[in-house]
Amino acid sequence: MTVARTFLELDDSYAREVPGLSMPWTAAPVPEPTLLVLNEELAAELGVDPAALREPAGVALLVGHGLPDGVRPVAQAYAGHQFGGYVPRLGDGRALLLGEVIDVEGRRRDVHLKGSGRTPFARGGDGKAAVGPMLREYLIGEAMHGLGIPTTRALSVVATGERVLRETALPGAVLCRIAASHLRVGTFQYAAATGDRDLLRALADHAVARHYPDAADAANRYLELYRRVVEAQARLVARWMLVGFVHGVMNTDNTTISGETIDYGPCAFMDAFDPATVFSSIDHGGRYAYGNQPGIAQWNLARLGETLLPLIDENTDGAVEAATAVLGEFADVYARSWDEGMAAKLGLPAPAPELVTDLLELLRAQRVDFTNFFRSLSAGTARTLFGEPEPFDAWAARRDVLLPADRAGVAAAMDRVNPAYIPRNHLVEEALTAATAGDLAPFERLLDVVLSPFTERPGLQEYAQPAPSGGAPHVTYCGT
Ligand code: AMP
Ligand code: MG
């Protein structure tokens, strides 16, 4: 049986071009690898035969074993601000970059393992991951993909046959993650802290070549790199906000240079609209609450800008001035993405920021389900979601005069941007609990639902309902 061909052609441009930011390392032994879920569509995108990945040799590859000669996995170094505090050495404590594949569209993509054992960056950790959190990452990443939001995606989750010790002993797993790259703001922080300007430049050149190749032609390519990342992150976070997504751990090591969403830990989609929504049990101050996300993204990007200063201009004052101006563009790009996105959600031909502000205040005051509001607005049933409908009626009358005449066309367009199904947190928890106990059926059903979020299907009403508790945020403890 031919083992997945593309996996035989793993490249290592990162390790080659940016030496000093990764360490060769091998995956821990896996006593009893069992494939729990395989992303066949993604495998095909990578040019890999899904059937081959299901063979024992394929499953071995998905946990980092039986790699072809010459493939040298690495643990990547990075630093990061975690909840605002700087940690100079984080890195892949339980993860490995197997290498890069060129997908069927010619794009270079990282093949990365999570839960593959301790590395020199493990600090106190055991290097392992549990089935529940790895399936969560798989599921939420696919939901984001279904929504059209840039994201890393899981190729597979393989159970290891080991128990990992968390609050209790849990079944272990290894996730295989595909990403445009694993370059993070924290990677730049780590490189900058070495004081080695050549290393920092090599990293920045690698990032430009990989993600923003035309930035190489700009008068100041490093300033242009910064601008591109600022724009990509501003657009990304606007997309999160438009679907009610709360990332939960927006540390600088979880902020990508590519503009993809990465690291699905204690994240969730909110039910009732409330900017103060937090899901992470460790986020005591609400630093990463829904409503704080744009500000935090900009703060993280300021940290990126600091690392790039010596490349932007030899003259520090000049560099600070130029970088500050670029960071200032965040607010405009974010506002534009949000305003246009909201106009589309409301079926309006042009942004109406005041109408949006007033709507959000109404939703918050009456704890209306964010997702269902927009979906029922196109169906003409939104009024029923309000305990006290009069303020909504007044708001709806203001919207009405802005709508184009073709109401059916408006409704259809709205249904293409307003999901009927998001991964409701109570259903995610239920699915992960069942999977941890050995029953994957609820997970598979939920995955199928969220992969086509805009298409309403009969029999799926329960997937469109907020938590029976009335939407009190469901706190996630099993982030890792
Ligand atoms: P995260 O919160 O998942 O973004 O991870 C933050 C840092 O902690 C990264 O450097 C991870 O590699 C590391 N880490 C998280 N869990 C573990 C673990 N079980 N063993 C070793 N390192 C870990
Ligand atoms: Mg992380």
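Each Cβ is built from the backbone N, Cα and C atoms, and glycine gets one as well.
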Inset, instruction - Please state which member of ASP11, ASP12, ASP49, ASP263 TrEMBL lists alongside GLY91, GLY93, ARG94, LYS114, ASP126, GLY127, ARG177, ARG184 for binding ATP. - result: ASP263
Inset, instruction - Please state whether DSSP places ASP263 (ATP binding site) in a helix, a strand or coil. - result: coil
Legend entry - Secondary structure of ARG177 (ATP binding site) (DSSP, helix/strand/coil): strand
Inset, instruction - Take the Cβ of ASP263 (ATP binding site) and count every other Cβ within 10 Å, whichever protein chain it belongs to. - result: 22
Legend entry - Among GLY91, GLY93, ARG94, LYS114, ASP126, GLY127, ARG177, ARG184, ASP263, the record's ATP binders - longest CA distance, Å: 23
Legend entry - Listed binding-site residues adjacent to ligand 2, that is, members of GLY91, ARG94, ASP126, ARG177 whose C-beta is under 6 A away: none
Legend entry - GLY91 (ATP binding site) to ASP253 (active site, proton acceptor) - Cα separation in whole Å: 9
Inset, instruction - Tally every other Cβ atom lying within 10 Å of the Cβ atom of GLY91 (ATP binding site). - result: 24
Inset, instruction - For ASP253 (active site, proton acceptor), name the DSSP secondary structure in the helix/strand/coil scheme. - result: helix
